[in-house]
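Engineer: Got a structure for you, written out below as structure tokens; questions coming shortly.
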């Protein structure tokens, strides 16, 4: 009646006196017989030892024996308050007996110890925490049975656990070791965080914890990713159930809690069974074999429907026909997993060893009100190849053929039996490394082709860039005023976008000519006489006997009048050796429009009245040019050059020719485009 917390695994375990860590009762006794595989030995380590030694270990003590039964031999007898036993107690065989005796005493907690086979040299107990070790990273072996009610755990994965937490109990919570089997842990110490969250996982409740100077995490194989319930990678068609809850609420709306609703963290109702009994199930098809390392479940997540599953078992299959219930190694009973304790909290359970299967079933065994749940599976791709096909060479042909045939059949039958089993068997230890895929010829070929393709594409891109750059440079070398390559009809439109707009305050300086100055000049000197610094556009060829303005000039026309000049060849001057075929380039600065021309026409006779014409000049100061006097016809120079004298208008308000020395005239249009007269 003196036995306390006890878990005896095949390779390790934990044992404690009754009522530990409180004072053990008087006059109690407990005896543990521990046996491991033949050929191995047992080692025993104490995590705490506090037994009354007032009578020199006479009535209260702990005794360890080699062997079991009457032939056992004593290894040692121990007692004392706060007794420190730094070393390990090792047996001489694969069997050991531990005996605890509690006499009359007033104090003493008793003891807690762990055992394992001697090949686990880094054995620790369930009471060890991270603060007991100074290394930033270390490996330890946790015994089975470290889920104890008197140890604390704060934190969760992946954020980490508070340094005051029990290492082995945190390892069970994280899913890196099994409580019934124990196992190796790889611990990494790092800086603490302000707050540690709590959660329920693998039947271990982690509590919320405050700030600590350090925390620890575990190195794992990394096979803990989600398999597609929440994300939708698993389609609705691959989620089925034994039954579906369908009902109508008070408003008459039909509610169907279908299997595809059983996706973790999805808003809305869960999956619920129509009948709540132990024969219901939720099935998930993973489409191919996967390595399944864990499951996360919640209840309905709807406050008005307080439904959840509190216990369940797991079944798996490769063909959805023959199902196997999950059992822990060495156990002859199906494992019952702890489910939810309320409808919202996520509860995680890990499979150690992992499940390798395509079809996965959850069979609820206990529930609150109704069977309802949402789930997510954890794991990764199954990349380890299957067992190779066994081939048996043909036996020799002799008189013992019948015996050889029988032997061959028996051998093949034994191989099939070992490969096809319904129960969960031991799996090889999975180290904390991932499987490196083999490098094939295709991979080597790809390693050569990829750099070559990259170089080819890079070369093509460089060639295109250089060609584009060379083309731009060639365009820049062309002259700005290379008019033969431009559209002559749109010359002004092309040039206007390169010229600055004329400021409002700029005043144009009129160009003044007199007939006396022009009459005595030779034809070759006229262009020089007509050039001024303030003119923005090329000046027209104006002279008495040299010639008259052609029907099309280089002056900017009024808006809307441009169409009447579109089709004729400009600057059709008969003196090709004197005047260039094109207008001179415009200066960069200067007024935007041509300046009015003032000429002395006192010696010219007046022309007949009544022939209107429209000017294309723009007056100075950005104002519309006044239309003065009576408009007369300007005789244009024709192709036959039959007219050698030009007719000009007479200014309004003047008595006749010669009334003023200088008169302002507008350059008239051709007779064909006249529209009528207009007063100022």
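Any Cβ shown, glycine's included, is placed from N, Cα and C.
As the structure is a computational prediction, the values presented were derived from the model and not from experiment.
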Engineer: TrEMBL lists region 'Disordered' for one of the ranges 615-638, 639-662; which is that range?
Structural biologist: 639-662
Engineer: Examine the ranges 443-468, 469-494, 495-520 and name the one recorded by TrEMBL as transmembrane segment.
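Structural biologist: In TrEMBL, the transmembrane segment feature sits at 443-468.
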Engineer: Given the disulfide-bonded residues 3, 30, which one has the fewest other C-beta atoms within 10 angstroms of its C-beta?
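Structural biologist: Result for the disulfide-bonded residues 3, 30: minimum number of other Cβ atoms within 10 Å at 3.
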Engineer: For the domain 'CUB' (3-118), how many residues does DSSP put in helix, in strand and in coil?
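Structural biologist: DSSP classes over the domain 'CUB' (3-118) add up to 0 helix, 61 strand, 55 coil.
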Engineer: Please list, for the domain 'LCCL' (120-216), how many residues fall into helix, strand and coil according to DSSP.
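Structural biologist: Secondary-structure breakdown of the domain 'LCCL' (120-216): 11 helix, 38 strand, 48 coil.
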